[in-house]
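Q: Relevant sequence annotations retrieved from Swiss-Prot are reproduced here:
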type: BINDING; residues: ILE7, TRP8, ALA9, ASP29, ARG62, THR119; note: substrate binding site
type: BINDING; residues: 8-9, 16-21, 45-48, 67-70, 100-105; note: NADP(+) binding site
type: DOMAIN; residues: 3-165; note: domain 'DHFR'
Amino acid sequence: MTVVGLIWAQSTTGVIGRDGGMPWRVPEDLTRFKQLTMGHPVVMGRRTWDSLPVGVRPLPGRRNIVLSRQIDFMAEGAEVFGSLEETISNLETEPEMWVIGGEQIYRLALPLATRCGVTEVDTYLLHEDDDVLAPVLDDTWVGVTGEWLVSCSGLRYRLHSYHRS
């Protein structure tokens, strides 16, 4: 059975996206993202796919899967499926997969996930109407939180690793 992991970066107020992108720059988070997802399928929604810079779309070294309800949607270099169930059945031989966004896909995958990798960026963002918010982890999740670190961009961040208890 394929292990389902979720990975995201969020502000201290739970914002993971704003205006079609991430509202901060923390290169160390991208390094961690690459370390955890490299060699594994990454599953994302169409808007997350569209938000990836053209130069790294599809994400290299990973099987890229885009979920879309739009029947004729095509994503060059990626596979497109209409549901998470269809995706998982096509990944049954894979040891693990990572869900990389967005909000709707996290919500669908959260009940199936057994691990989460979260980068918390020490920035306070008031919620705006179109913000994308991080999933809320309930008390079935147990986490380990690292110390605050300072990014080369000057922002403080810390890493959280969660698994189902």
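Backbone N, Cα and C define each Cβ position, glycine as well.
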Q: What are the sequence-distant neighbours of ARG46 (NADP(+) binding site), meaning same chain, six or more residues apart, C-beta distance under 8 angstroms?
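A: Counting only residues 6 or more apart in sequence, the Cβ neighbours of ARG46 (NADP(+) binding site) under 8 Å are VAL66, LEU67, SER68, GLN70, PHE73, ALA75.
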Q: Which one, from the binding-site residues ILE7, ALA9, LEU67, ILE105, has the smallest tally of other C-beta atoms lying within 10 Å of its C-beta?
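A: Selected from the binding-site residues ILE7, ALA9, LEU67, ILE105 on minimum Cβ neighbours within 10 Å: ILE7.
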Q: Using a 10 angstroms cut-off on Cβ to Cβ distances, just flag whichever of GLN70, THR119 is the loneliest among these binding-site residues.
A: GLN70
Q: When you measure from the Cβ of ASP29 (substrate binding site), which residues in the chain that are at least 6 apart have a Cβ under 8 Å away?
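A: Set apart from ASP29 (substrate binding site) by at least 6 residues yet with Cβ under 8 Å, we have ALA9, THR119, VAL121, SER151, TYR157.
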Q: Among ILE7, TRP8, ALA9, ASP29, ARG62, THR119, the annotated substrate contacts, find the widest CA pair distance and round it to a whole Å.
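A: Among the residues the record ties to substrate, max Cα distance equals 21 Å.
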Q: Same-chain residues six or more away whose CB lies under 8 A from the CB of GLY17 (NADP(+) binding site)?
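A: Same-chain residues close to GLY17 (NADP(+) binding site) (Cβ under 8 Å, separated by 6 or more) are PRO23, SER51, GLY101, GLY102, GLU103, ASP131, VAL132.
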Q: Could you check which of the binding-site residues ILE7, TRP8, ARG62 is the closest Cα neighbour of GLY20 (NADP(+) binding site)?
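A: When the Cα distances are compared, TRP8 comes out closest.
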Q: For the domain 'DHFR' (3-165), what's the mean pLDDT in this predicted model?
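A: Overall, the domain 'DHFR' (3-165) comes to a mean pLDDT of 96.
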Q: I'd like the number of other C-beta atoms within 10 A of the C-beta of GLY102 (NADP(+) binding site), please.
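A: Neighbour count, Cβ to Cβ under the 10 Å cut-off: 21.
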Q: Translate the DSSP assignment of THR119 (substrate binding site) into the three-state scheme.
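A: SS state of THR119 (substrate binding site) = strand.
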Q: Count, for each of the binding-site residues TRP8, GLY20, the other C-beta atoms lying within 10 angstroms of its own C-beta, and report the residue with the smallest count.
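A: Counting other Cβ atoms within 10 Å of each of the binding-site residues TRP8, GLY20 gives the minimum at GLY20.
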Q: C-alpha of TRP8 (substrate binding site) to C-alpha of ILE105 (NADP(+) binding site): distance in Å?
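A: Rounded to the nearest whole number, the Cα-Cα distance is 12 Å.
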